[in-house]
Amino acid sequence: MELITVKDVWKTYRVGGEDLHVLKGVSMNVRRGELVALTGSSGGGKSTLMNTLGCLDRPTSGNYWLDNVDVSGLDPSARAVTRGRKIGFVFQNFSLLARTSALDNVLMPLTYATQRPTPADGRKRAVALLERVGLANRMDHYPSQLSGGQQQRVAIARALVNNPALLLADEPTGNLDSKTSVEILDMFKRLNAEEGLTVLLVTHDPAVAATAHRVIFMKDGLIESGAFAPELAGEST
Amino acid sequence: MTLFPPTFAVALHALRRNLVRSALTTLGIVIGVGAVIAMVEIGQGSKRAVAESIQSLGANNLLVMPGQASSGGVSFGGGSTPTLTPGDADAIVREVSSAVAVAPVVRARTQVIAGGKNWVPLYIYGTTSDFLSVRDWAVADGRAFAPAENNGMANVCLVGRTIARQLFGSASPLDQTLRVNNTPLRVIGVLVAKGANTFGADQDDIVLAPWQTIKFKVSGQSAQTANQSVAAAAGATGNSSTRFPSQQPSPYPLQTATEAADFPAPPLPTFVDQILVRIGDEADIPGATRQISVLLRERHRTRSNQPDDFNIRDTAELSSAAVATAQLMSGLLLAVSLISLVVGGVGIMNIMLVSVTERTKEIGLRMAVGARPKDILWQFLVEAIVLCLAGGAVGILCGWGGAWAVRTFLHWRTEPSIPAVIAAVGVSAFVGVAFGFYPAWKASRLDPIDALRYE
Ligand SMILES: Nc1ncnc2c1ncn2[C@@H]1O[C@H](COP(=O)(O)OP(=O)(O)OP(=O)(O)O)[C@@H](O)[C@H]1O
Ligand SMILES: [Mg+2]
């Protein structure tokens, strides 16, 4: 069953009076529970595709179904609700709130949740997530008091606090050394394996890409390979 | 609406994190609201003080003054021609039913001597005991004029507290004699203290005597000794020939008993300087004014095409003028304070814009995790409103403090004003919304991707 279905999506920017086609008719899908790596040449449109998939942006044309809902035509407010409900983001630069404790950073998305848990429940969930990412004894630390890997783990806990169906990570290990990268990657794999979380991550590292179920290769706004999940045996369309 | 509380908490948190900046940002509001509160309290106080001192001048009083003379188009100002007579006063009592008391007044200004001390009273009034009813004034010690003294030339007087203190110190002035322009007057009563009037004049600096005494004995002489200091320098006061007035030729011939018998016709009109009328009920003032006007025109045989030869003024006019002045002043001060509130609002807007720019990345992040544009709008709007309300609250305290300081150190009168406090809170909330909206709107319109990439 597809969580993401993209059909002929175009993204065109107008720069200096000329149309710049960044996505040139992308079609792809991602099944629930997949761990997909998105890779390709720099400037190929990976981040643009991720933003579109994350409902941060809307395609110029084409359709995008997330969880069987066509979200390609939603207004900013509805897209925000969709992001809060279904998508968790992990960014390359961690993007934590400065001078805010790890715990409060994890709690932050709950402020905007449509079905907000009680403060006690929210706190319990955030603490559990921080324990899960191995930061049980760092909850009251500020981002400036954490290492890069620890900050990225806080970011992962934050992305999970709303129980999203989809985790999008744009170069999550880009700012980390190789050892820490492996730890973070293991975390994604564990979350995928244990919770069935669908993970889509952008990476330039072939070794990282090799650990994924599937690799989507992008070049010049088009997907060169791996756009569709293989048919599962016994599943009818 | 479940959205409000968490956004509110976020806003408060952001403010607390930048406490010093928040405090400085809202300083303009603090000053503006403080100024408004202090101005209103001081303004109300001075208005009340003015109203009360007008009241103490004598409520419901009409003052009839002689009209102004004019010759060849040159006007000499009010009171420049004598036209009012004691007969007019009697006629007003008789004819105007709403006039409860009428007192003719003859004024003099000269030196008063008692024992070794001398003093120039602010007021030397020749009048009748009705003056006390008109002015609502009681005799503290002694008695008022007896009916016989009212219309005679008895050498008696009532003195105000200031005169008593200046001339007799702590001793009782009763039955003491003071000389007014060499006319000996026996003090028969001391008036209750009244204090200063609206214009700061000491109302207790007064000598009251029967009007004929002042008219014929005191003023009759003061025409010749108008300049006291010259007269004193010349040693005139020591001259026994001037001690008693009748030896001097008076410009106003006095009737002897024989003359009165010989000429039963009314005596030559003697003029008074003003007539005070007390009206029983404030509502009757316009009617009474009209009646007096008709009566006096008739008595003065004014032709219908001639203007009045007198003026009638009521204290309401006086008080409304004074109150209007006080109101104008406090209105102007209020306008200045309101302008400072607007300046404070612009300060808030400026800092909020800076804050939005500074927190662009944070806004992008919040949007990425599900904040809708209106959540962001609320967050920044609440920040601005909370800033303004906190500033308003501190400003109210400052305003009270300022009013307290003015009351304690300058001894000005202030009046606490609840409407001012409510208005201050309302205005600061309004300033918060008005000046916080644009930055908040700007923040809510940010594109999440651009905001996330913003460095
Ligand atoms: N807002 C924009 N306006 C104009 N052009 C843009 C905009 N955003 C991206 N582009 C262009 O789109 C192209 C693809 O950008 P994108 O960030 O998606 O590449 P990428 O595959 O993520 O590259 P990298 O691996 O280096 O991160 C680039 O050529 C970029 O210049
Ligand atoms: Mg990229």
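Cβ atoms are placed via backbone N, Cα and C, with glycine included.
Please treat TrEMBL annotations as automatic predictions, because they have not gone through curation.
According to TrEMBL, the feature transmembrane segment maps to B:20-40 (among others).
Annotation comment: TrEMBL describes B:22-234 as domain 'MacB-like periplasmic core'.
Taken from TrEMBL, the feature region 'Disordered' covers B:234-254.
Look at TrEMBL and you will find B:243-254 tagged as compositional bias 'Polar residues'.
Residues or ranges marked as transmembrane segment by TrEMBL: B:332-356 (among others). Sequence-distant neighbours of the transmembrane segment (B:332-356) (same chain, 6+ residues past either end, Cβ-Cβ under 8 Å): 14, 18, 21, 25-33, 35-36, 39-40, 43, 363, 380, 383-384, 387-388, 391, 427-428, 431-432, 434-436, 438-440, 442-443.
This prediction places the mean pLDDT of the domain 'ABC3 transporter permease C-terminal' (B:335-448) at 90. Summarising the annotation, TrEMBL assigns domain 'ABC3 transporter permease C-terminal' to B:335-448.
Tertiary neighbourhood of the transmembrane segment (B:376-406): same-chain residues 3-4, 7-8, 10-12, 14-15, 22, 25-38, 41-42, 344-345, 348-349, 352, 355-356, 363, 366-367, 412, 414, 416, 421, 424-425, 427-429, 431-433, 435-437, 439-441, 443-444, 446, selected by CB-CB distance under 8 Å and a gap of 6+ residues from either end. Per TrEMBL, transmembrane segment is recorded for B:376-406 (among others).
Per TrEMBL, transmembrane segment is recorded for B:418-438 (among others).
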- DSSP helix, strand and coil counts for the domain 'ABC3 transporter permease C-terminal' (B:335-448)? 98 helix, 0 strand, 16 coil
- Can you name the far-off residues of the same chain, 6+ from the ends of the transmembrane segment (B:418-438), with a Cβ under 8 Å from a Cβ of it? 29, 32-33, 36-37, 40-41, 338, 341-342, 344-346, 348-349, 352-353, 380-381, 383-389, 391-393, 395-396, 399
